[in-house]
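Quick look at what Swiss-Prot lists:
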| type | residues | note |
| --- | --- | --- |
| DOMAIN | 5-235 | domain 'ABC transporter' |
| BINDING | Gly37, Pro38, Ser39, Gly40, Ser41, Gly42, Lys43, Thr44 | ATP binding site |
Amino acid sequence: MTYAVEFDNVSRLYGDVRAVDGVSIAIKDGEFFSMLGPSGSGKTTCLRLIAGFEQLSGGAISIFGKPASNLPPWERDVNTVFQDYALFPHMSILDNVAYGLMVKGVNKKQRHAMAQEALEKVALGFVHQRKPSQLSGGQRQRVAIARALVNEPRVLLLDEPLGALDLKLREQMQLELKKLQQSLGITFIFVTHDQGEALSMSDRVAVFNNGRIEQVDSPRDLYMRPRTPFVAGFVGTSNVFDGLMAEKLCGMTGSFALRPEHIRLNTPGELQANGTIQAVQYQGAATRFELKLNGGEKLLVSQANMTGEELPATLTPGQQVMVSWSRDVMVPLVEER
């Protein structure tokens, strides 16, 4: 099978710092693939390595089966969209999108036709004569995407492109990006530190930590079956039981993750514990409770909010509660390297 992008034991060193440390991944053609991780985890460096903006310290990269480690950026079948859209303020939107084609020597009539077509793909064909200052943040983002698409890349690289947008616009752009990727059928590689973005748009997600990949999986499997304590804590919220806590509370050997929404309050169950509510956080669709169990352990519990229901007086800070859960919702974890 020929992959869109393949890393074979790739490393990138800055002095003694291993920004990317022995990463191997295979990204499929036509896949929406996200690289998720905290700042400094290596995800953006990997994107820059694909684009050719960084040089490898070790390993190899191939793009559609062709060795790409030593290719200059302009010879790689990829284009990049950055968080800073870098639009030319004095140019029309049409000329902004057509700029790369002008540099390549494409004649004006042809490049304007291609730029207009790219704008149509992102539903902005009507703004071609405007200036960037006349557009909203979301529209400028789509212009930046059109400018990348006009070169007809087989892989589109997106480096935290939604980070500058407000929450509602960011959520709207997530839907639009996914629809665009599906309609184009090309590979999108999306870098983000936002788990919500990665889970909502991606076919698969690679979770980065300290220059390495902790897990590559579908969004559902990442959430429901995290493999390491880091993934369990970074993708969503988890209660992580180390060996001592698992043995004490559950009679089980090893480390486990338990999602807060899988714990029931004041309802008997297979495994039970008692504790005191320390804090209550109303979060709209759910309420989160921070508990201190009688043995001193801390536990997070999330309870869905039913329409019109008030929080019972028995579920306020200082109140004693019983919690329960089942063994089958506890996810075994492997120790981090």
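In case you wondered, yes, glycine gets a Cβ from its N, Cα and C as well.
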In this predicted model, the domain 'ABC transporter' (5-235) has a mean pLDDT of 93
Within 8 Å of the Cβ centroid of Gly37, Pro38, Ser39, Gly40, Ser41, Gly42, Lys43, Thr44, the other same-chain residues by Cβ around the recorded ATP site are Thr45, His193, Phe208, Asn209
If you count the other CB atoms within 10 A of the CB of Thr44 (ATP binding site), including all protein chains displayed, you should get 20
By a three-class reduction of DSSP, Gly40 (ATP binding site) is assigned coil
CB contacts under 8 angstroms to Gly42 (ATP binding site), restricted to the same chain and 6+ apart in sequence, sorted by sequence, are Arg12, Ala19, Val20, Asp21, Val23, Phe208, Asn210, Gly211, Arg212
Going by C-beta under 8 A and a gap of 6 or more residues, the same-chain neighbours of Lys43 (ATP binding site) are Met35, Leu36, Gly37, Val191, His193, Ala206, Phe208
Students should find that the Cβ of Ser39 (ATP binding site) has, within 10 Å, a number of other Cβ atoms equal to 7
The answer, for which of the binding-site residues Gly37, Ser41 has its Cβ ringed by the most other Cβ atoms inside 10 Å, is Gly37
